[in-house]
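K.L.:
The structure's right below; bear with me while I get my questions together.
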Amino acid sequence: MKALDVVQPDGPSFEVTGNLVTWQKWSFRVGFNYREGLVLHDVRYAGRPILHRASLVEMAVPYGDPYPPHHRKCAFDVGDYGLGYCANSLELGCDCLGHIHYFDAVLPDSSGTPYVKKKAICMHEEDQGILWKHVEYRNGHSESRRSRELVISSIATVVNYEYLFYWRFKQDGMIDFEIKLSGELSTNLPSMEEDGLPTHGVMVSPGVNSQVHQHMFCARLDMAVDGQKNSVSEIDVVAQPLHPKKNPYGNAFMAVENKLETEKAAVRTADSNKARVWKVSNSSGVTNRITGKPTAYKLVPFTRGPAHPIMLVDPSSAVAKKGAFAQAHLWVTPHADDERYPSGEYTPQGDGSVGLPDWTAGNRNVAEEDIVLWHAFGVCHLPRVEDFP
């Protein structure tokens, strides 16, 4: 392929002061630690707060082969390994392309001595095609605008897998969190119980079995939409029943909103058939001047195609108990300083007794509170021959 260069002769549009980043109307602070890796703090748009803190706080990778020793095969990559410890020192060219600003990270070694991991975080701008376009059909006049994003990224190598994390800030006020998966398949001999013909995996080469597995992620979003007191509601788009006056032609459908007031009520799953989203609204009297309703941000779950099931293992299994965060797509809790990781502080010794199910058992109030959203999402990987090696 011929070279494709990204050139910004006037330099980038972002500014960096220490760990404070400003870009157009956005501002936030960049953090990094041994466990979560990249962390965003005090995210604001036009000076108005949206997020107090945002990071990826856990991953579970359950494999579907039931035969020993594979029934115990499930890495908790954040709690067991630490995304910060596993982070790459990034390089210009493939890891990052364009006019790049790097952030170094300071981490403790096994004796507690600090060391510097160079270029652990990459930041750059990307062209994202057309932001808006319209042609006036009456006179043929055309207007369009290009879309640009600010991208903050980090890459971690956890044994055989690479995880590429991208926080994307958009010109329309949206924030995207994207994870790309790369690296190498985890492979093994076919189980003797299956007579060399795996039913819980794919033969990617003679004598080489790659098992079906999931990658389940959990993002912790400490919300602060126009202030600390927030509430969450679930919005479904549903068809309306036939009615002689309200829906005589059968074409009516509408958005139905349901406020989630307690922790147990807020344990939810995504539903693409209803275009389900979750809305975080301000509860302190700040309203939108057009609608008159409280200001809000939507959490839009990833539901494209078959890529968003909850954890598929049996709920009674040790893997499910330890990774219980992945039994639902949304959890909401009131902020607590000691509730940081959805599977507990110490996942290698974890048994599922500490974490989101334990915290939410008290069914605390989450309406008009300083709330934290825990969003679980993931992919189901059915290996292909083309994935190997």
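Including glycine, each Cβ sits where the backbone N, Cα and C put it.
TrEMBL annotations: computationally assigned, not manually curated.
TrEMBL lists these features:
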- Asp77: active site, proton acceptor (ACT_SITE)
- Tyr161: active site, schiff-base intermediate with substrate (ACT_SITE)
- 5-389: domain 'Copper amine oxidase catalytic' (DOMAIN)
- Tyr161: 2',4',5'-topaquinone (MOD_RES)
K.L.:
Report, in whole Å, the straight Cα-to-Cα distance of the residue listed as 'active site, proton acceptor' from the residue listed as 'active site, schiff-base intermediate with substrate'.
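P.N.:
Taking the Cα atoms only, the residue listed as 'active site, schiff-base intermediate with substrate' lies 10 Å from the residue listed as 'active site, proton acceptor'.
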K.L.:
Across all the protein chains here, work out how many other Cβ atoms are within 10 Å of the Cβ of the residue listed as 'active site, schiff-base intermediate with substrate'.
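P.N.:
That number is 19.
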K.L.:
Residues with Cβ closer than 8 Å to the Cβ of Asp77 (active site, proton acceptor), same chain and 6+ apart in sequence?
P.N.:
Met59, Val61, Leu83, Cys86, Ala156, Val158, Tyr161, Tyr163
